[in-house]
Amino acid sequence: MDQIHIPIFSYHFHLFVLCLLLSFDNHLHIFNNNNNNTNTSSQFHSSSSLLTLQDSFLNHPFLFSHKSHRFYHHRHHHHHHRSFSFQTNSLQYDFYRDSCPHAERIVRAAIRQLHRSRPSLIPAIIRLAFHDCFIQGCDASVLLDADDYIDSEKESPPNQSLKGFDVIETIKSELEEACPGVVSCADILVLAARDCVALAGGPFYPLNTGRRDGSNSFADIATFELPSPYGDLSDTIASFKTRGFNEREMVTLLGSHSIGVIHCKFFQDRLYNFAGTNEPDPSLDTEFLKLLRSRCNHTNALSSSALVEEPGVDMDFEQTRSDFGMVYYHSLLHGRGVLYADQQLMKGKATKKWIKAYAYDPTLFHRHFALAMMKLSDLRVLTLPMGQIRRKCSKIA
């Protein structure tokens, strides 16, 4: 701490704040990059993004400094799980500037194309990155296929509805063609998630790079340590705390539930047989219960093999197309949280306070969400001499 030079931190911090403020400009449209494509059928509006800015600006070396990043984590996070580290001692901003200078641009172009052609996968990529980083850190372990030596996280129950693996593999193939054996799958995944957040109307945030890929997958840990959609508030708090996140950061990260589809599997018991009572969850608003039942009738197939085809509820069920995160927090305030674990956030004094704050201050939420995603993206990363660079994200090199 004594080695931190506050003026340097202040300089870089203000650049970062400027970056975030620009990302809140609701008049930016990320599809206007070299064309006028404003596809109104897209599921996500394209405001609140930095993706229209010139790539040269996005690659500016002091958009966010290594030193100020370490200072932020030292100052604000004192209760870390012993096995998790948030310092980025070996990560750098624009790590690939010499070895693969167009790496981030290639990722960004692929995600833009995904937004145009398969917009439903935008939230899926964000979820994929969360499930990777939350289990043993951001090492691309969630991308590995099972084999004789790998117990794949893909096959753990909480991960059986994950999508977007093919998207990351396609981006990896493009990068292998441009820069063979250079860019890790772990970096691709967090960069892709960052760009998906921006395309969904959330903030663009700077990321350090230089992560390396792990050589193992952790199905059992994923099964038992990912936050449960059925968890009480105390369970959810405990789950995030083991990764070094406090209650505010937990509420912030769960704001990503504002977009995408929640499969009926994860809340069906609330509609028909809550806690084994053969009755719905009494906390559900009557009209909201009718809405959910109209999307998820009692005869829905619940087998995990059919999960990806299962009906679900679009988290923007009121079709408001409001700012990223706003539907989620307003829904919780009105007792209309789809997942039991989400609605449980209203039970805590601190968590309820932050729900109210974010519901009425999207700028505050975007700023906190950017910082929380940066912290998530730095969980227990592998850097040289550890790890590897896979040639294919689903296979160990």
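Yeah, the Cβs are placed from backbone N, Cα and C, and that goes for glycine too.
Note: TrEMBL links Cys179 through a disulfide bond to Cys100 (candidates: Cys100, Cys264, Cys296).
Here TrEMBL has Asp132, Gly137, Asp139, Ser141 binding Ca(2+) 1, and the candidate from Glu153, Glu155 in that same listed site is Glu153. A disulfide bond in TrEMBL ties Cys138 to one cysteine from Cys133, Cys185, and that cysteine is Cys133. When the CA atoms are compared, the binding-site residues lying within 10 A of Cys393 (disulfide bond) are Ser141, out of the candidates Asp132, Gly137, Ser141, Glu153, Pro227, His257.
A sphere of 10 angstroms centred on the C-beta of Asp139 (Ca(2+) 1 binding site) encloses 30 other C-beta atoms. Note on proximity: among Cys100, Cys179, Cys185, the disulfide-bonded residues of the record, the Cα nearest Gly137 (Ca(2+) 1 binding site) is that of Cys185.
The disulfide-bonded residues shown are Cys100, Cys138, Cys179; of these, the one with its CA atom nearest the CA of Asp132 (Ca(2+) 1 binding site) is Cys138. Of all the binding-site residues given, namely Asp132, Glu153, the one with the smallest number of surrounding CB atoms inside 10 A is Glu153. All protein chains shown were included, and the count of other CB atoms within 10 Å of the CB of Cys133 (disulfide bond) stands at 27. Most Cβ neighbours within 10 Å, among the disulfide-bonded residues Cys100, Cys179, Cys185, Cys264, Cys296: Cys185 holds that distinction in the structure as shown.
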